[in-house]
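Visitor: Here's the feature list from TrEMBL:
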BINDING   SER102, GLU173, HIS201  Mg(2+) binding site
BINDING   ARG336, ASP350  ATP binding site
REGION    448-472  region 'Disordered'
Amino acid sequence: MEQPGPSGDSFSAKTAFQDAVRTLNTLQTNAGYLEQVKRQRGDPQTQLEAMKLFLARSGLQVEDLDQLNIIHVTGTKGKGSTCAFTERILRSYGLKTGFFSSPHLVQVRERIRINGQPISPELFTKHFWHLYHRLEETKDGSSCVSMPAYFRFLTLMAFHVFLQEKVDLAVVEVGIGGAYDCTNIIRKPTVCGISSLGIDHTSILGETVEEIAWQKGGIFKRGVPAFTVLQPDGPLAVLRDRAQQISCPLYLCPPLEALEEGGPPLTLGLEGEHQRSNAALALQLARCWLQQKDHRGLGELKASRPSLLRQMPLAPVFQPTTHMRHGLRDTEWLGRTQVLRRGPVTWYLDGAHTASSMQACVRWFRQALPRRPRPGRGPEVHVLLFNSTGDRDPVTLLKLLQPCQFDYAVFCPNLTEVSTAGNADQQNFMVTLDQVLLRCLAHQEHWSGLEEERPGPEPGEPASLPLAPHAPKTHSASSLVFSCISHALQWISQGRDPVFQPPGPPPGLLAHPVASSGASVLREAAAIHVLVTGSLHLVGGVLKLLEPALSQ
């Protein structure tokens with residue numbers, strides 16, 4: 001019998017992992033069915049009860065989740081970054097952490113982490129099939145749904161992994177909303193957090209920020225401390241009332257400046273002014289968790305008695321400990337205010353997809369751009385790579401990007417290649433190819449319309465910052481649509497990114513006059529600055545191609 005070569009085991013493990021992911025992808029709802037579900041959405045409370053039944057069928061009871069010492073976090077923007085900061089702080093205390101987040105950027109196993117690292121393909125495969133077979137065996141003929149949908153399945157799997165791996169705590173990020181999110185079967189978290197609120201997922205959560213606040217406040221539990229950051233008056237009042245109704249002690253986080261007073265400034269591993277609010281919330285969540293578990297090293301209190309703001313008690317003002325400082329400094333969270341410098345090409349990656357997060361992204365991008373031109377001939381070229389999905393309003397997002405004064409705007413769907421057949425992690429059965437390409441063409445049309453009506457910078461606008469000189473613009477709307485991310489990156493980088501070196505450009509890449517003339521400008525540019533934004537899935541596809549190690 002022929003023995004496998006040295007890499008035989010790793011090859012078979014990789015194949016087994018891809019098989020597991022392909023099977024998981026069958027739990028995604030296809031595009032047509034999704035529309036039907038939206039029209040016939042059932043009672044959300046029933047959906048939550050269904051999740052409890054799936055948990056029971058998987059061999060767990062809701063009471064079993066109590067031992068995970070969960071930190072449950074929701075919000076519209078910054079909830080993932082808040083979770084990342086919180087997890088990193090507590091890991092710096094030597095605790096074994098679990099972290100469940102969504103979406104994944106490159107590989108689905110990123111969603112379930114132990115000590116900050118995505119679980120291995122082998123561990124993912126093992127737990128996936130164990131859970132899948134268990135649910136298959138407990139199918140009830142009378143039940144119309146035998147398998148939970150994609151996100152529910154991964155939530156169940158995360159709970160199983162964290163219990164099996166005996167983590168000291170689990171940081172759990174809500175998927176969508178809060179009240180009826182499938183993570184909300186958690187009965188007794190240790191502490192809850194709500195990051196900045198805004199408008200998103202309106203077809204599910206409501207049209208106003210107050211309605212959305214009501215949904216987010218659904219994670220509050222009787223007697224379990226909760227923290228939030230400063231919000232507009234309306235949603236803050238909703239959160240306060242929701243907490244009072246169920247006797248949940250809710251605290252307002254003081255700004256990071258209050259915790260820095262009297263000590264050295266805090267260094268954050270994530271760039272952008274908006275991350276300070278997320279870090280302030282993370283510090284309170286971590287400190288409260290440590291306090292609830294009778295840990296030492298909580299940080300010396302600065303305020304002697306609690307104070308009120310907007311009729312809500314302020315969270316403690318304390319001196320962050322060395323562990324807390326190191327945790328904040330060492331936090332990594334891919335695809336959020338991330339910069340990749342590659343020779344003459346600099347990629348700025350941020351998955352902003354709401355109006356408020358896009359405003360923060362634009363501020364960060366403009367501050368991150370170099371103030372002086374690089375030595376060398378040729379102009380500096382600014383390129384936007386954009387896509388938007390779901391029920392988001394692309395016109396609002398694109399309008400917010402106008403002050404960046406891009407030389408080229410490039411639009412493409414969230415597909416790494418024209419065919420994703422060989423890559424299970426990037427498959428998405430929620431939409432058809434025709435739909436996504438039509439959407440990209442609509443984005444291009446919106447952009448062209450905005451470019452034509454764009455006024456000059458207003459007095460005092462940051463556009464007056466002394467940025468490096470731009471490429472000369474020959475027309476108002478230099479925009480292009482590509483059928484996949486790979487083609488878009490090939491055109492933007494023109495072979496000048498030393499890591500991203502695909503075999504050769506596809507036929508017809510420069511067929512369009514803008515593509516042809518732009519390619520010459522990009523080849524001769526002293527520097528190319530590329531902002532990738534609008535969708536976390538787009539950012540994930542870009543990272544997959546620019547950072548091949550993430551796919552290993």
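We number each residue from 1, going along the chain as drawn.
Using the three backbone atoms N, Cα and C, a Cβ is placed for every residue, glycine included.
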Visitor: Please report the Cα separation of SER102 (Mg(2+) binding site) and ASP350 (ATP binding site) in Å, rounded to an integer.
Guide: 15
Visitor: Taking 10 A as the limit, how many CB atoms besides its own sit near the CB of GLU173 (Mg(2+) binding site)?
Guide: 25
Visitor: Could you state the whole-number distance in Å separating the C-alpha atoms of ARG336 (ATP binding site) and GLU173 (Mg(2+) binding site)?
Guide: 16
Visitor: List the residues of the same chain that sit at least 6 positions away from ASP350 (ATP binding site) in sequence and have their Cβ under 8 Å from its Cβ, in sequence order, or write 'none'.
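Guide: Set apart from ASP350 (ATP binding site) by at least 6 residues yet with Cβ under 8 Å, we have GLY272, GLY335, ARG336, THR337, GLN338, CYS361, TRP364, PHE365, LEU531, VAL532, THR533, VAL539.
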Visitor: Sort out for me which one of SER102, ARG336 has the most neighbouring CB atoms within 10 A, since those are the binding-site residues we care about.
Guide: ARG336
